[in-house]
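**Student:** The following feature annotations were taken from TrEMBL:
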{"type": "TRANSMEM", "residues": "12-34", "note": "transmembrane segment"}
{"type": "TRANSMEM", "residues": "61-86", "note": "transmembrane segment"}
{"type": "TRANSMEM", "residues": "116-138", "note": "transmembrane segment"}
{"type": "TRANSMEM", "residues": "153-173", "note": "transmembrane segment"}
{"type": "DOMAIN", "residues": "162-284", "note": "domain 'Fatty acid hydroxylase'"}
Amino acid sequence: QEEKLRDAVKITACILGTGLLIFTVLVNSVAGYAQNIWDTLGHFWQTTWLKFYYLFEGKEWTIFFLGAALVPCLAFWCFNGILMVADVTGKPTFITRYRIQLGKNDPVDTEKLRQAIYTVLCNQFFISLPMLVPMFYVMKWWGSTFNKELPTFHWFLVELGIFTLIEEILFYYTHRLVHLPVLYKHIHKKHHEWTAPIGVVSIYAHPVEHILSNTLPVMTGPMIMGSHIVSITAWFSLALVTTSISHCGYHLPFLPSPEFHDFHHLKFNQCYGVLGVLDYLHGTDTVFKQTKAYQRHRVLLSLTPLSESIPEAPKRAE
């Protein structure tokens, strides 16, 4: 028995040692190859940034406006423009077949949609845009936002992680705050007029809520970190597109799952956060975890709608 044990240990050590050696070689090779790619891309983006910087002659407000306002706004409306075509016309079916709440917004009420677009535009032009003015002076105070040298890709990833964490904390607690009965009635109820949300209503909200829950959680991270304008542009664009995905009403292939926030619009008192971390800690996702929506809450890696592969249980006849 002892000899068998020793032999087994030797064989295991040999296999693990060989595997570790091969793994180390592969990791080093892949890391070196990846580093070469990042170096090449980094040179491209650095050159592009300098051309852009000199095109506007280093005019910082113009550069800040284009990066923090215009580019994210274009990303928001281009993405939601495609979704609104599907919402209004029911085509293309490649999108509409992935609808989460079946039978809702099929098609969307166009009058209700017009009102939502009007409110969203007001929030963008009369709230978000003016809030960029004090942000601009905060970023100038840091002195690194308009540097001619871009941050490294690795540093941007660090920043992105910090931005996401700050947004999760601020959004969760301000969101729960506006769900207090007195605030819900006068402020947050407007956003919840859409129990089956669509992408554009991600920033359809009362002005107070738009400041507290939509804008400040996204702006705070870059202001704390003194981020470069290119990092701010990427983060604002990403934040607007991801919140549109969360509200879009379609669980599309290869995109983040919107089931979590869609369930919040359906049930009102569950799933307050973005990532779900604070919902887990505070127990505000317990009902969600007992549903089919929770089973569907993952990235769809096939073309079969999850509403078909994981359908809702049939309702019992009364």
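Every residue gets a Cβ built from N, Cα and C, even glycine.
All annotation found in TrEMBL is predicted automatically rather than curated by experts.
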**Student:** So what's the average pLDDT for the domain 'Fatty acid hydroxylase' (162-284)?
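**Tutor:** Within the domain 'Fatty acid hydroxylase' (162-284), the model's average pLDDT equals 95.
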**Student:** So, by DSSP, how many helix, strand and coil residues make up the domain 'Fatty acid hydroxylase' (162-284)?
**Tutor:** 86 helix, 1 strand, 36 coil
